[in-house]
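J.: The structure follows.
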Amino acid sequence: MPKRTDIQKIMVIGSGPIIIGQAAEFDYAGTQACLSLKEEGYEVVLVNSNPATIMTDKEIADKVYIEPITLEFVTRILRKEGPDALLPTLGGQTGLNMAMELSKNGILDELGVELLGTKLSAIDQAEDRDLFKQLMEELEQPIPESEIVNTVEEAVAFAATIGYPVIVRPAFTLGGTGGGMCANEKELREITENGLKLSPVTQCLIERSIAGFKEIEYEVMRDSADNALVVCNMENFDPVGIHTGDSIVFAPAQTMSDYENQMLRDASLSIIRALKIEGGCNVQLALDPNSFKYYVIEVNPRVSRSSALASKATGYPIAKLAAKIAVGLTLDEVINPVTGSTYAMFEPALDYVVAKIPRFPFDKFEKGERRLGTQMKATGEVMAIGRNIEESLLKACRSLEIGVHHNEIPELAAVSDDALIEKVVKAQDDRLFYVSEAIRRGYTPEEIAELTKIDIFYLDKLLHIFEIEQELGAHPQDLEVLKTAKLNGFSDRKIAELWGTTDDKVRQLRLENKIVPVYKMVDTCAAEFDSETPYFYSTYGWENESIRSDKESVLVLGSGPIRIGQGVEFDYATVHSVKAIQAAGYEAIIMNSNPETVSTDFSVSDKLYFEPLTFEDVMNVIDLEQPKGVIVQFGGQTAINLAEPLAKAGVTILGTQVADLDRAEDRDLFEQALKELDIPQPPGQTATNEEEAALAARKIGFPVLVRPSYVLGGRAMEIVENEEDLRSYMRTAVKASPDHPVLVDSYIVGQECEVDAISDGKNVLIPGIMEHIERAGVHSGDSMAVYPPQTLSQKVQETIADYTKRLAIGLHCLGMMNIQFVIKDEKVYVIEVNPRASRTVPFLSKVTNIPMAQVATKLILGQSLSELGYQNGLYPESTRVHIKAPVFSFTKLAKVDSLLGPEMKSTGEVMGSDATLEKALYKAFEASYLHLPTFGNVVFTIADDAKEEALNLARRFQNIGYGILATEGTAAFFASHGLQAQPVGKIGDDDKDIPSFVRKGRIQAIINTVGTKRTADEDGEQIRRSAIEHGVPLFTALDTANAMLKVLESRSFVTEAI
C-alpha cells in the first residue's frame, strides 16, 4: 500500500528527560523516526522537553518545541499547529501516557487528530492489566494467574488463595516503577500501597510468581497489510524476576530448541496481529526450562529499550521503519537501508552473538539498595559483539567502565564462601562477578544453576573462561594459548596479569606474530547478500571486512554507557563533531559501546566500530585505519582518560594537547598556571594521606571541600566542617583514585556560574554565561542554570569573560573548554576548568544557536573563528530567558538520599524558555514534574544556619495563601519572629509526623535543609524519602524554593481590604 496522502502534518511526542527506565534509546528512536517521516515528504512537528538530545535539534523536524510534555502545553501546541496526526509510540511511556491523556480529555476528537502506529484500543489492551488479561484469554495465550486490585486488602485476599511468592505490577508505570516481588503478607502490603499510589489509575496486578523461568523477548514488526516478522529474539542471562532492563541479555537467544523458538515466535506474532499494531512491538515471555510450558509476561506496544538493542544488534532500523509503516507503507515496499538491495520483509539473520550488560549507578550511590528485582535500577547499558558467548561477554565487561577488564573483581577473592554464595543467590548489580568467582573456587555449573536458575549453558561458558585462565597461567608466552585466549575475548591486560608481564609486551608479541583482530560487518543477513553498511565489530579469525579507504580519516571516541555524571549530552557533542568532520572533507569514524545512542546509528558516521573504549581496542582500530588523528574532547572523562596512553603510543591527539590537558587536571600545575595568569582561586592544597589533609585543612580553615583529582560528576566529593569528618572521609572515600592525590579547598559560599568557551588558539568565543540558581556546594549538574544571567553585574560578567579568554589562551586550549566560577562580594574565583566539552553544550548550543561542538571541531581541524564568522569574546545575549533544570530518578533507587550536595545525583535535564524569568521557571518546574498548586500547605524543617533565610520564604508563602507547618525547632524560631507555624511531631509520633501527613495528602511541599555538617540525619532522610515516594515536591536548597516562590507569586493575585 503506498503511503497516505490524506495527512500532511504529523506531530511526534518525545520522551522528555532521561530517567532510569527511559534513557537515550528514545532519543535514537525519535531522531530516526522524524528524519524518516521528513524523507517521505511530511511536515513534522516535535514536542520534547529535553534539550540534551539530537532529537530536539532544529534540523530533525520542521518545527521543534522544547516545552513541557504536560496536557496544558501539548494541547496548546496542538491547537496552534493543527496537525493531521499524532505519532506517540516513539516517546516511551511518556509519549503513550500523553496520548492517552489527550484522548481521555477529548482533545484529539475535538481537533480531529488521528493517532498513528498504535491505536488507543491497543495501548489500552497492552497497558491496562485487565484488558490485557482478557485479550490473552481470547487468544488462548497462557498468562500467570493474576488478579487486578485497587486496594491493599484485595491484594492480600487474592495472595491468600494462590500462595506466595507473588509479583506486584502497577498499571501504566515505567520500568516496573512501584512493583516488586513479595514473599509474605508484610511485603505485599508495603509494595501494593506504594504501587497503587504510583499508578496513574490506582491499579495493580497481583500475579503468581514465575521467578526462575527463562526470560525471552521477541522484537516484532507489523504493517497495515498484516505482514509481520520477528526482527530479533533475545534471551536474558538472569531468569524471570529481574527486570529485563537490569538483566544481562544475549541475542540471538542461545538455549532454546527450534521447537521452543517456533512456539514463542508464533505466540508473539499472533499477539501483535491481535493488537493490530502498525509498527514495532516488544513481547516478553517466560519459558519453563523443564517443559514446553510458557507464559506471556507483558507486551510493550511501542518502540522500547529492547528495540534499540535489537536495532543495534541486527542493524535493522526498527524506529525508522516503524515511522514509515505508521504512514501506510508496507514491509514489502520499503528497502532495508542496511543492504540497500533487500526489502524490509526479510527477517534479519545473525552470524555473531551480542551481549548487553546494564550499567548501574551504585559507584555514585554507595548506600543504594543493590538487590535487583522487578523495578529497574540501571542508568544505561553497554553492548558488545563477538563470534562466541565468551568473546562478546568479556568485551562487554570491559566496556562497562567500572574498573574491570575481565569478568572478575579482584577484591572478591577475599570474600568468605558463605558471603559469596549469598550474593550468588540474591542477585545484585554485580552478580555476574560473584558467579564467576564461585566457578573459580570450584563450584560446579550444576550447583550454581540449582541455586540461581541461570541456564547451565551460560555457566559452562564461564567455566570455559576459567579453564583458559588456567591454561594461560600454566603456559606463559605460548602462542597457541594466546590465540585461544584472544578468540575468546581476553584482553591483553588480563593475559599480561596471568603471565606476570605488561600489556605492552603482550601487544608486541601479538603484533610480531600477526595475532591481530579482523573486523566483521553487521549486515542483517549473515553475509548472504552484499551489504553497504559501514558497521563493524572486532573478532580474532579470518578475513577482514573493513577496508581502509583512500580518504583521510578522523577518529572520534564516544562516551560509553550512560551513567550519572556522563549522560546523553556527550553523545550529542560526538554526533555534532562527526557532522563537522564530514563537512571538512574527511572520513568520520566513530568508536563507541552504547547501544542506546544516536552516535551508534550506522547512518551517522562514515564508519562505526562497536567496540569497548579501552586502550587496546582503540589501538587495534587505529592500527587498521591509520587516521589523521583522534578527537577526545567530546567523549567525557572516558575519552579524556585515553588521551595520555594514546599519545604515548605515538597517536596524534587533535585539539588541546595532553600536556595542556594535564595542566587543567593536575592540581599543582593548574595552580601554577592560575598564578602566572593572575586569576584568583579559593585557597587549597593537595594531600596524599590523612595527616597531610588534616594539616592542610587547619591551615586553610574549615569548612573545606575535599575531592579526588581526575573525576567526573563530583564522585566522592564532600564538604566537611571539622577534622573528625575530614579524617573519616580520608579513610573511606579516597579509594576513588589511589594514584591521584586528594584536593582540599576552602569552601566559598557564593553565587556559582559556568561558561563554555571555544578557542582556536588565538581568539576565544564565549557563547554565554550560565548562572546557577543554587549557590556553590550543589554540583553544577544538579543545579538549575539560567541563561542569560539575571543577577550578575556588568563588571562581574566582564571579569568572567576576561578570565575565560586568559585561561583558554594560557592553557593552549584548541576546541572546547568549560570553566566554573564562584562569585563572592563581586570577586570572581575560578573553581575548576575542564578542557573538554561539558554537559551544558547541548543546552547552550540550542539557546544561542551556535552549533558549539561543530564549531570546536572545525577549529580543531585548522579553521579559525574569524573564518567561521565569529567574533572574539562574549556572544550577544538572547532576549528570552532559558532555564536548564535537573531531573532525578529517586523513585527507582531505594535507600538513596535525595539531599543535594557536591556529588551529582540527577539522571537527566529539561529546559524551560519564555519571555520572563518567572514564566521560564514555571515551564522548567512543570517539565521536571515538580508541580505546585497555587495554594496548600508547606512544611519547613531547617538547619540552624538557614533559619533566618527560611523565615523570609515562609512569610512569602503565607502571603500567597499557603499554610505553614514546621518541625519543633523551626516553628519556635518562626514564632519568636512573629510567624505562627503549625508544629508537626517528631518522626515516630504516629499521625503527627511529616511522613504520616504526607501519606494523608495534607502536605503540598517540603523544604528541608541540613547544616553544612551534613551528618546522616536519619529523620531527615525518612522525611525526604516519604516526599519522593508520594510525589511531593521536595526542596533541599533554599535557592530552589525561592525560585519556585517566584513562580507562585507571579501566578497568584493579591487580595487586600481597602
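Positions of Cβ are set from backbone N, Cα and C atoms, glycine also.
Copying in the features that Swiss-Prot gives for the protein in this structure:
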- 1-401: region 'Carboxyphosphate synthetic domain' (REGION)
- Glu298, Asn300: Mg(2+) 2 binding site (BINDING)
- 402-546: region 'Oligomerization domain' (REGION)
- 547-929: region 'Carbamoyl phosphate synthetic domain' (REGION)
- Arg707, Ser746, Ile748, Glu752, Gly777, Val778, His779, Ser780, Gln820, Glu832: ATP 2 binding site (BINDING)
- Gln820, Glu832: Mn(2+) 3 binding site (BINDING)
- Glu832, Asn834: Mn(2+) 4 binding site (BINDING)
- Glu832, Asn834: Mg(2+) 4 binding site (BINDING)
- 930-1058: region 'Allosteric domain' (REGION)
- 930-1058: domain 'MGS-like' (DOMAIN)
J.: Round to the nearest Å and give the CA-to-CA distance linking Ile748 (ATP 2 binding site) with Glu832 (Mn(2+) 3 binding site).
T.: 13
J.: Going by C-alpha distance, which of the binding-site residues Arg707, Gly777, His779, Gln820, Asn834 is nearest to Glu298 (Mg(2+) 2 binding site)?
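T.: Comparing Cα positions, the candidate nearest Glu298 (Mg(2+) 2 binding site) turns out to be His779.
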J.: Express the distance between the Cα positions of His779 (ATP 2 binding site) and Asn834 (Mn(2+) 4 binding site) as a whole number of Å.
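T.: Cα of His779 (ATP 2 binding site) to Cα of Asn834 (Mn(2+) 4 binding site) measures 14 Å after rounding.
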J.: Determine the C-alpha span of the ATP 2 site listed in the record, that is the greatest distance between any two of Arg707, Ser746, Ile748, Glu752, Gly777, Val778, His779, Ser780, Gln820, Glu832, in Å to the nearest whole number.
T.: 18
J.: Rounded to the nearest Å, what's the C-alpha distance separating Asn300 (Mg(2+) 2 binding site) and Glu832 (Mn(2+) 3 binding site)? Just drop the number here, would you?
T.: 44
J.: With DSSP assignments reduced to helix, strand and coil, which class does Ile748 (ATP 2 binding site) get?
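T.: Reduced to three states, the DSSP call for Ile748 (ATP 2 binding site) is coil.
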J.: Average the per-residue pLDDT over the domain 'MGS-like' (930-1058) and send me the rounded value.
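T.: On average, pLDDT over the domain 'MGS-like' (930-1058) sits at 88.
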J.: Which of the binding-site residues listed here (Arg707, Gly777, Gln820) have a Cα atom within 10 Å of the Cα of Asn834 (Mn(2+) 4 binding site)?
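T.: Qualifying among Arg707, Gly777, Gln820: Gln820.
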J.: Between Glu832 (Mn(2+) 3 binding site) and Gly777 (ATP 2 binding site), what is the CA-CA distance rounded to a whole number of Å?
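T.: Approximately 13 Å lies between the Cα of Glu832 (Mn(2+) 3 binding site) and that of Gly777 (ATP 2 binding site).
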J.: Measure the Cβ-based neighbour count of Asn300 (Mg(2+) 2 binding site), defined as the other Cβ atoms within 10 Å of its Cβ.
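T.: If we count other Cβ atoms within 10 Å of Asn300 (Mg(2+) 2 binding site), we arrive at 22.
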J.: Restricting to the chain of Gln820 (ATP 2 binding site) and a gap of 6 or more, list residues whose Cβ falls under 8 Å of its Cβ, or answer none.
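T.: When sequence neighbours closer than 6 are ignored, Gln820 (ATP 2 binding site) has Glu752, Cys753, Glu754, Ser780, Val830, Ile831, Glu832, Val833 within Cβ distance under 8 Å.
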J.: Are there residues of the same chain, six or more positions away from Gly777 (ATP 2 binding site), whose CB falls under 8 angstroms from its CB, and which are they?
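T.: Set apart from Gly777 (ATP 2 binding site) by at least 6 residues yet with Cβ under 8 Å, we have Ile719, Tyr747, Val749, Gly901, Pro902.
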